[in-house]
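See structure below.
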């Protein structure tokens, strides 16, 4: 599933290509993925709208349109949003293409999704910034208002284990399985530790490592195992730099011990039992 670094990479790759362009029409081939404001049709509501800015909130991509509305795109497990310039639009269409946006410069924006879990939702800009999905979102880990003091105060109030806490989007927006495992590994913290058991120094390590691993993921253009590519169809490179995720049975990059892969609440968790306490 695309996490914060992947969605931010998609945003950056598309911003210079489609900002300022107008949506001439939309072909929607899988209606169940698209939602519009009450009383409007998705395709009609987008026709003639200009894309004025691309943003992101957590794992949600935000296409801000004129008229103070926003198209919220949640890629979920296997969603892809790829832009094709006019000279590229004759390229064969990928299987599972569920929506095509025709832009006024002759280019196309194609949304594909093998698993069909992703959604395209048109809402007011204010609503998109406040709550783009069903649940309330926590702070942005790379945001200027995400301070260590606030993070530490939030930790001491939680008896939740660290791994599920980092996956809780109401606690922090944007982390998923990959970057939660990586942050805990770098911070040398066991995923089963409870948040309230961390002392100040451990909390600071976790705070710093969350921000570091997310920024490194962005710098590497995301993590590509199977489905993820950016808005130009390019794979990321962070999979080559992972410490624990996807490396079960391999030696720890820090101590040489064996990386374990275990199930936690139905999710795979990767960690080094020697380093992470």
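Heads up, the Cβ atoms here are built off N, Cα and C, so glycines get one too.
Per Swiss-Prot, active site, schiff-base intermediate with DNA is recorded for 2, and the stated evidence type is sequence analysis. Among the features that Swiss-Prot reports, active site, proton donor is placed at 3, 59, 267. The annotation DNA binding site is assigned in Swiss-Prot to 96, 115, 158. Feature annotation from Swiss-Prot assigns zinc finger to 243-277; the stated evidence is sequence analysis.
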For residue 59 (active site, proton donor), the number of other Cβ atoms found within 10 Å of its own Cβ: 23
Set of same-chain residues at least 6 away whose C-beta sits under 8 angstroms from residue 115 (DNA binding site): 76, 77, 78
Three-state composition of the zinc finger (243-277), taking helix and strand from DSSP: 0 helix, 12 strand, 23 coil
Shortest C-alpha distance to residue 96 (DNA binding site) - which of the active-site residues 2, 3, 59, 267: 2
Cβ packing number for residue 2 (active site, schiff-base intermediate with DNA), 10 Å threshold: 30
Local confidence of the zinc finger (243-277) - pLDDT mean: 95
Residue pair residue 158 (DNA binding site), residue 267 (active site, proton donor) - Cα distance, angstrom, rounded: 21
Rounded Cα-Cα span from residue 59 (active site, proton donor) to residue 267 (active site, proton donor), Å: 18
Site with most surrounding Cβ atoms, counting all protein chains shown within 10 Å, from the recorded positions 3, 96, 158: 3
